[in-house]
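A quick write-up on the structure given underneath.
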Amino acid sequence: MEEKGVEDDVVKRLDCERDPNQKNRQRFGGVGGVLSIEQFFEDQEVPSWRKQLTFRAFFVSFWLSILFSVIVMKLNLTTGIIPSLNVSAGLLGFFFVKSWTKFLERSGFLRQPFTRQENTVIQTCVVASSGIAFSGGFGSYLFGMSERIAHKSSGSKDFKDPSLGWMIGFLFVVSFLGLFSVVPLRKIMVIDFKLTYPSGTATAHLINSFHTPRGAALAKKQVKMLGRFFSVSFLWGFFQWFFMTADGCGFAHFPTFGLKAYANKFYFDFSATYIGVGMICPHIINVSVLVGGIISWGIMWPLIEEKKGQWYSEKLSSDDLSGLEGYKVFIAIAIILGDGLYNFFKVLTRTLSGLLHQLRHKRDTEELSSENSSRSELSYDDERRKQLFLKDQIPIWLAIGGYVVIAAVSINTLPHIFTQLKWYYILVIYIFAPVLAFCNAYGCGLTDWSLASTYGKLAIFTIGAWAGPLHGGVVAGLSACGVLMNIVSTASDLMQDFKTGYLTLASPRSMFVSQVVGTTMGCIISPCVFWLFYKAFDDLGLPTGEYTAPNAVLFRNMAVLGVEGVSSLPKNCMTLCYVFFATSILINLIKDLIPKKWARFIPLPMAMAIPFYIGPYFTIDMSLGSLILFVWQKLNKTKADAFGPAVASGLICGDGIWTLPSSILALAGVKAPICMKFLSSSNNAKVDKFLSSSI
């Protein structure tokens, strides 16, 4: 009974903060019938921005950053699908520091209680750090420069192999510019324009709920659930390892639907990670990747393979881009570019129209708000939040000066790291970067959609074409992608954090410092984690390995396409690319034009494109996770909503952390003792014949 009461209370509390018309707002207190969440905390002193930045917060953030960097890296190098891990970061941060402070309190050594502002600092630091594992391009543009990936594409002479030193240096000179580019706009974005930043707002609601008595009780139960499934997932990964002596061995290669389906990558690979990902991702994402897998590997590739000898030479190897591999790679790229281009113009249009509307009606809004100032106590919340948000200013001179200094250092440093990337390419990027960072941050506030990778792809084509094939256009385009992608990604992340801080009364200064510290951690942790994968797994990036790094192949071939053109592609490949590019745009257009109740059933082209290249095996896991959550919601929606993210996070974290010991074992040359392999009937007959002759 207590558990149900806790869940119901927290769900109602969060619902009524979002809905000003909820009758049960008065149950939680307020002025004029309007809930004031800050009244829950009015007896708690808001610590100064310096006191929000505690040693224990950064200590916990460091270890959580390692945990989430490993998880994001694994996802990056397998499928590239990375769900939001904000709930996990907030929950684990709350649990560890709460346990720390409880222990100190019982010992009589507690000097400063754990506050929601400190919780927000941890959340910001961890997300900033683990975000570098994505924006750093270890599964996309950065690894795409390597010789290993270059041999899988036509532009194989233009490459730069990973090295721990230059990767850390590169990240340090490009990852901080985005932070300084949007700092002066925080008041305009958060207070004047009142942008929602859905992820930042949801994170703030989560943190606020943790620090209420009942919310803390629910958080404790969620952590227990997360820990339980973390243990199950970790032990399952450990158990599977015993049967994986070589490639193709173990449960991960179980021919669930038969050997013919297995040959076309339709099988269940017993991955706890992707079952968890399926539970976190919206149902439509899971349906989309499954539909994409069926269309490509179930229908298209078998049909194109029958054209061997007509559309492409029979003598080509399976990974030659002039053969079947070319269709897989470039049709996937066509869908991604079509979807990305459509959404880029869609978000840009909404950004410009929204900005124009805000500027045009700002004066009218100010007049209206002054006339209704008596009623616009809208809330005690807004007044208190605004007062504290504007209290600790970040000087504009610091933002502008920081941007100029880091840009100057970067312009001088990057050409030494990438000789193909000339200083004037970087200068042009940095001139336009603040505008693009603003557009991405504003669009993210409206739609919760960061287009960082889309901006990166634009840089690949523009800088790659500018450099040309004779001057290292492929590496120039990929490195330019990294520069721009890091700027626009960190800019939107920081603005999300400012929104979270605004709603939890965390100081903008503590948010900025936390983001800087988290980014610094990420610039060191993420390259080290990638280096561990790179050294431990010799087949990293190869189609036969566990970590195929599909986005690295796709990003590199986009660069090759932009620099060298399409002359080497197999017959009818470009025709099919045009068809799928147009289809991708058309699906998005239909989705936006029809009523929402029907639009939610239309698959997303970007998600459909992912299995086109890597295969549909992971979609079975994700669909199973989605089905588990769907059934759970039908049986008990309150409990599923409260504990579903914790279960999913436990599955992802446990399997992700097992990657660390498995990597260390691989580095040490320790192999699993057993190879469990499933053979075709002809191979089984050969084994039987051999065994009978031996006897």
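Counting starts with 1 at the first residue shown.
Backbone N, Cα and C define each Cβ position, glycine as well.
Segment annotation: TrEMBL labels transmembrane segment over residues 121-144 (candidates 121-144, 313-336, 649-672). Cβ atoms under 8 Å from those of the transmembrane segment (573-590) belong to residues 326-327, 330-331, 333-335, 337-339, 341-343, 346, 566, 599, 602-603, 605, 609 of the same chain, restricted to positions at least 6 beyond its ends. Between the transmembrane segment (164-185) and the transmembrane segment (394-411) there are at least 3 Cβ pairs closer than 8 Å, counting only pairs 6 or more residues apart in sequence, which means the two stretches are in contact. When the stretches 57-75, 81-100, 274-304, 512-534 are ranked by Cβ pairs under 8 Å to the transmembrane segment (610-632), first place goes to 274-304. The listed stretches are 57-75, 81-100, 394-411; of these, 57-75 has the most Cβ pairs under 8 Å to the transmembrane segment (121-144).
If you count C-beta pairs under 8 angstroms between the transmembrane segment (512-534) and each of 57-75, 81-100, 274-304, 394-411, the highest count goes to 57-75. Stretch with the most C-beta contacts under 8 angstroms to the transmembrane segment (423-443), considering only 57-75, 81-100, 274-304, 394-411: 394-411.
Among the stretches 57-75, 81-100, 394-411, the one making the largest number of Cβ pairs under 8 Å with the transmembrane segment (274-304) is 81-100.
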